[in-house]
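Pulled from TrEMBL, these are the features on record:
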ACT_SITE  Asp303  active site
BINDING   Gln110, Lys126, Glu147, Ala230, Thr231, Leu232, Leu233, Glu308, Asp323  ATP binding site
BINDING   Glu147, Asp323  Mn(2+) binding site
DOMAIN    194-406  domain 'FAM20 C-terminal'
Amino acid sequence: SKLAALFEHPLYNTPMPEVTEKDKLFVVNPMEKFSLHSSRSDEWVSSSKAETLPSTGKTAYDTYPTWLKFHVGINRYELYPRRDPLLPILLQDLATQRIVSSVQKTGGTQLKLIMTFPNYGQALFKPMKQTRDQETPADLFYFSDFERHNAEIAAFHLDRILDFRRIPPVSGRLVNITKEIRDITTDKKLAKTFFVSPVGNVCFYGECSYYCSTEHAVCGRPDRLEGSMATLLPDKTLAKRRSWRSPWRRSYHKSKKAEWELNPNYCAKVREMPPYDRGHRLLDLIDMAILDFLMAPPHRNMDRHHYETFEKFGNNTFLLHLDNGRGFGTHSRDELSILAPLQQCCSIKKSTYLRLQLLATQPYRLSDLLREALAADPLAPILAEPHLRALDRRLGKVLAVVARCLAA
């Protein structure tokens with residue numbers, strides 16, 4: 001296994017900073033039982049009056065469902081550890097746990113569902129809208145592209161291979177539209193959008209800003225539907241997140257350009273702006289740009305106009321790499337403008353650079369590693385081969401940019 005060898009490599013076994021109590025998203029007493037309340041959120045509270053989880057004779061932590069252990073494990077430096085024994089269990093839960101509730105996620109431009117499991121865990125479901133081999137038309141503006149369920153799955157595994165670990169775990173799943181969505185939804189607006197197509201397939205379209213109409217309905221075969229199941233982060237009422245405007249956001253205008261597209265010395269201005277004037281925030285943003293470039297345009301992340309961090313950790317923490325559904329839209333074109341932060345700042349973390357160099361070698365070829373990681377997903381194959389081969393080409397272009405910076 002190339003993947004197992006990669007995670008044994010010294011570059012993937014560097015020491016992590018010590019995690020103190022103040023570095024944890026949640027500070028809990030592992031001996032104290034917690035009750036789970038069924039609500040719109042993943043609410044969990046300490047309460048002697050509420051019904052508690054059954055004791056197994058071990059610590060109360062051992063009785064927590066996997067999703068809650070994942071939440072408790074989030075800290076200033078990572079969403080989950082490199083060697084996380086919970087990860088395969090959590091991915092299995094996403095793919096197999098019984099779904100007891102399906103409602104549409106409010107907001108957003110496209111159809112997404114919040115699915116709840118019997119242990120009050122929740123996942124974000126994005127339905128299949130395109131086949132693996134469809135490419136986004138070249139003339140389509142990046143903000144008009146479909147979100148792809150397989151891109152969410154591939155993005156999680158790519159993020160882990162790069163050792164960022166900033167994307168919540170995602171698994172593919174085959175869902176029964178009739179039994180696991182239509183028959184159990186309490187969402188009246190969603191319920192009104194179900195219909196049977198002329199060929200007998202069960203379809204629905206929900207309500208959203210784009211692509212929620214009968215012309216863009218999601219249909220099963222006849223009621224079986226592929227989708228991605230992403231672990232939800234802790235509810236924002238429990239763990240506030242801060243949204244930051246990216247300095248390299250695009251103009252969202254079909255002809256007007258942003259300042260960074262016109263000013264080659266734009267990075268000097270960014271370096272003087274908080275929070276990029278100190279710490280590793282700018283380098284984290286460059287990490288994110290590299291991830292986005294590898295996943296290919298056109299997608300939302302071609303214009304990651306905003307990104308989020310956990311508010312508790314202030315400026316000294318990682319960036320959450322969320323909403324990756326517009327990744328892997330094309331394999332035949334590379335959008336170098338996504339690398340603008342790297343090109344203009346000529347800065348990169350040494351650890352990131354060394355890992356990228358490693359992933360360009362034959363024993364640890366990036367495409368081979370991602371292919372192996374994705375082969376374990378229930379919906380495999382996740383990416384068409386041309387997308388995997390494009391990763392190696394793009395990685396070469398990232399390393400070429402760094403080489404030019406070093407030579408300058």
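The first residue you see is number 1, and the count goes up from there.
Positions of Cβ are set from backbone N, Cα and C atoms, glycine also.
Because TrEMBL annotations are produced automatically, they should be read as predictions rather than curated entries.
Remember, predicted model here, so these are calculated numbers, not experimental data.
Most Cβ neighbours within 10 Å among the binding-site residues Glu147, Asp323: this distinction goes to Glu147. The Cβ of Thr231 (ATP binding site) has 25 neighbouring Cβ atoms from other residues within 10 Å, across all protein chains displayed. Close to Leu233 (ATP binding site) in the fold, though at least 6 residues off in sequence, lie His71, Ile74, Pro168, Ala239, Arg241, Leu320, each with a CB less than 8 Å from its CB. Residue environment of Gln110 (ATP binding site) contains 21 other Cβ atoms, counted within 10 Å of its Cβ in all protein chains.
Averaged across the domain 'FAM20 C-terminal' (194-406), pLDDT in this predicted model comes to 92.
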